[in-house]
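Per TrEMBL, the features are:
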BINDING   23, 24, 25, 38, 83, 210  substrate binding site
BINDING   42, 46, 49  [4Fe-4S] cluster binding site
BINDING   48, 49, 50, 85, 126, 127, 128  S-adenosyl-L-methionine binding site
BINDING   51  Mg(2+) binding site
DOMAIN    29-210  domain 'Radical SAM core'
Ligand SMILES: C[S@@+](CC[C@H](N)C(=O)[O-])C[C@H]1O[C@@H](n2cnc3c(N)ncnc32)[C@H](O)[C@@H]1O
Ligand SMILES: Nc1nc2[nH]cc(C(=O)O)c2c(=O)[nH]1
Ligand code: SF4
Ligand SMILES: [Mg+2]
């Protein structure tokens, strides 16, 4: 157990919830094949989180990064999406350098609430009102993806965060899944009026894939 904790602290092993090869369903890279690594542990507590199973890291066994990458390399995947849970709770330097050693592109999904370790080809930051993103993380984002649950208040939150990212950061509004029907018309109208924003759908859920 002590050895496992040391391995996790060093970023040599990570609490793995699941791994799967699928299609990136959301945001800028939508539609491209990608291998997903979902890491356990998150203390942010979004009430609509679709991955609540990840919240307790202790429920998920630690897996060595060599074993994780070995499974990636057994597929034709050219890119890996590291998600969670909140993956930035961990030291991601060893995992990303091993992936890059094998010419695999590294994509991150994060709330931005913690410092970002690792070497990333693409960072998707989805800011949360429960625990605000760090300015240092916002400045690294290639993509800002704001979830719309309460339309008025979440749009205001989206506009506030958009002021803190770089000029070339892509801006997405993504309907919260359970309130899709309630909010989609307002989101579409907002994008038409404010075309700096784009619509991101969770297309994997429509396609029925993980
Ligand atoms: C499960 S989170 C894990 C990564 C990180 N903790 C985060 O929140 O960005 C992955 C992505 O799914 C989004 N998401 C989670 N639940 C959702 C829901 N019910 N509807 C739409 N998007 C959701 C998050 O905002 C995030 O962009
Ligand atoms: N297909 C698919 N695309 C995704 N993009 C971001 C996801 C995530 O949970 O981080 C996700 C996911 O869970 N599945
Ligand atoms: S930050 Fe991400 S994983 Fe954590 S509760 Fe929110 S959506 Fe879920
Ligand atoms: Mg998901």
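Counting begins at 1 with the first residue displayed.
Note: Cβ is positioned from N, Cα and C throughout, glycine not excepted.
Any TrEMBL annotation is an automated prediction that lacks curation.
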Residue among binding-site residues 42, 51, 128 with Cα closest to the Cα of residue 25 (substrate binding site): 51
Remaining residues near the recorded substrate site, that is with C-beta within 8 Å of the centroid of the site residues 23, 24, 25, 38, 83, 210: 20, 22, 26, 34, 36, 81, 204
Residues that sit under 8 angstroms from residue 49 ([4Fe-4S] cluster binding site) by C-beta distance, when 6+ apart in the chain: 42, 55
Listed binding-site residues with Cβ under 6 Å from ligand 2, out of 38, 46, 50, 85, 127: none
Rounded Cα-Cα span from residue 128 (S-adenosyl-L-methionine binding site) to residue 210 (substrate binding site), Å: 23
Residue among the binding-site residues 23, 42, 46 whose Cβ has the most other Cβ atoms within 10 Å: 42
Env. residues of [4Fe-4S] cluster site, Cβ within 8 Å of mean position of 42, 46, 49 Cβ: 44, 45, 51, 52, 54, 55, 86, 111, 128
Residue 38 (substrate binding site) versus residue 50 (S-adenosyl-L-methionine binding site) - Cα distance in angstrom: 13
Top Cα neighbour of residue 127 (S-adenosyl-L-methionine binding site) in the set of binding-site residues 23, 46, 51, 83: 46
In three-state DSSP terms, the structure that residue 210 (substrate binding site) belongs to: coil
Lowest local Cβ density among 25, 85, which the record lists as binding-site residues, within 10 Å: 25
Where the C-beta lies under 6 angstroms from ligand 3, the matching binding-site residues among 46, 50, 85: 46, 85
